[in-house]
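As recorded in Swiss-Prot:
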- 2-235: domain 'PABS' (DOMAIN)
- 31, 106, 137, 138, 162: S-methyl-5'-thioadenosine binding site (BINDING)
- 62, 86, 155, 156, 157, 158: spermidine binding site (BINDING)
- 155: active site, proton acceptor (ACT_SITE)
């Protein structure tokens, strides 16, 4: 008998993957966690029925969350990742030698635990000496921080359950306070096909707080619609005005210095969402 997993991305549309076996399933304090081995995409982390990451395509999301802001900032030393318990963004952050400390604040410790066990190629960097892992509420951590970070990355689930507070104007204002005077922040902001209103709302809220606010995209096969957006807010440095000499060689599979600028070239229907 064949076993298949289906994520209903809307009431009328979804994606399906053939499952070889279930590695772990658990109702944590915060969400339903499933780790499965798929035929096509390797091991897959699923939270509340939504695909969070897979071994095959994870690099796209993690590279684009990390490298766009880190190459935009001239000297990122202290970095905060809110969410991201799978460790993929942290792995990419550590590719930048200027980073002296990377802090991860993940609300669900079980995500960290089982990512280390079943997604070692993604989560392996969490044990690096430059990394501090905190199991706790990222919203509260931001509220308690001031003038501390060069770059803040919000690697959250969609705005449901424990992540709902991470999509509020108050949270973005807190991020601005937690950043240094030339700090940069980035957040994943879902897809333009199924959640256009979210993109419009987040962009508007961020733009009212950060003088430089831009939207960029990446193609991620297992995420709803495949076209994903990210909103970047910066106090001083424009991601479209990065000097050539700032780019240094790092090992990537998706991000390149050419793609850095190209990612900000939006399809018209996406650009219309933020006018």
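Cβ coordinates come from backbone N, Cα and C, glycine included.
Listed binding-site residues: 86, 137; maximum Cβ neighbour count within 10 Å falls on 86. Reduced to three states, the DSSP call for residue 155 (spermidine binding site) is strand. Each residue contributes its Cα atom, and for residue 86 (spermidine binding site) and residue 106 (S-methyl-5'-thioadenosine binding site) these two points are 9 Å apart. Per-residue pLDDT, averaged along the domain 'PABS' (2-235), amounts to 95 for this model. In three-state terms derived from DSSP, residue 62 (spermidine binding site) belongs to a helical segment. Here the Cα atom of residue 106 (S-methyl-5'-thioadenosine binding site) is found 9 Å from that of residue 155 (spermidine binding site). Neighbour density for residue 106 (S-methyl-5'-thioadenosine binding site): within 10 A of its CB lie 25 other CB atoms from the protein chains shown. Counted within 10 Å of its Cβ, the other Cβ atoms near residue 31 (S-methyl-5'-thioadenosine binding site) come to 21, all protein chains included. With a cut-off of 8 Å between CB atoms and residues at least 6 apart in sequence, the same chain places 65, 81, 82, 83, 84, 88, 89, 188 near residue 155 (spermidine binding site), listed in sequence order. Across the structure, residue 138 (S-methyl-5'-thioadenosine binding site) and residue 156 (spermidine binding site) place their CA atoms 10 angstrom apart.
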